[in-house]
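Let me begin by presenting the structure, written as C-alpha cells, before commenting on it.
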Amino acid sequence: MIRWILLKLVGIFLPSLISKAVSPGQQATSNIALNVEFKILDNELGDKIPLPKFSTAGSAALDLRTNIKEKKVLQPDETFLFTTGFSIHIKDSKYAALILPRSGLGHKYGIVLGNLVGLIDSDYQGEIMVSLWNRSKESFEVLPGDRIAQMMFFAVTSPNFKLVSEFDFSERGSKGFGSSGTK
C-alpha cells in the first residue's frame, strides 16, 4: 500500500505520459486520462530494483528492468523470458500497451525482443514478461535490475468491418513490398 501511495505521490508511472513538461506560467493540459492499476509481485521491486519509470520528461515509454536474482548470460542465438516483478491492469479497452526493444541494446549488442514486439491487452493481469533474443555472435550478460525493454501505452481503435466484393479505386491498389521504390 505504501508503494502504491508512493507511486501516486511521486508521479513516476503514468502522469509523465499524460502531462509533459511545460514552461513557467503555462498550464499542463492533457487529452488523455488513463488510469492503470499497478501491482508489485516481488518485494525487491522498489527497494533493490527501481520501479518502472520514464527516463526523461520527453520519454514516450517506461523503462522495464529485469527481476532476476542472479546474472543470466545470453548465449548467441539464445532467447530467455525475463520477469519484471510487476503486473498491470489497464481495464479500459480503448487502451493497450506495447513492449518494445531498447535501441541501444539492439544496435550495440544485438539484443532484441524474442517476439520482436509484445502486446499487453487491456484485460491482461499477469506478470509483465520480456523475451530477449541474443541475435549476435557474442555472449551477453544480463544483471538483476538491468533495463532491458520499454513499455508504451497507446489508444486502440476497434473498426467496424463492412463486407464488400470490390474496393473503390485507389492509385496504389494492391501493390506492396517495395513497389513504391526506395528513393
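Cβ coordinates are placed from backbone N, Cα and C, and glycine is handled just like the others.
Just so you know, TrEMBL annotations never went through curation; they're auto-generated.
What you are looking at is a predicted structure, and each value in this text was computed from that prediction instead of being measured.
Quick look at what TrEMBL annotates:
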- 48-181: domain 'dUTPase-like' (DOMAIN)
- Arg102, Ser103, Gly104, Asn115, Leu119, Ile120, Asp121: substrate binding site (BINDING)
Secondary structure tally of the domain 'dUTPase-like' (48-181) (DSSP, helix then strand then coil): 7 helix, 53 strand, 74 coil
Site of maximum Cβ density within 10 Å, from binding-site residues Ser103, Gly104, Leu119, Ile120, Asp121: Ile120
Fewest-neighbour residue among binding-site residues, criterion Cβ within 10 Å, set Arg102, Asn115: Asn115
Pairwise Cα distance maximum in Å, substrate-binding residues per record: Arg102, Ser103, Gly104, Asn115, Leu119, Ile120, Asp121: 26
PLDDT averaged over the residues of the domain 'dUTPase-like' (48-181): 95
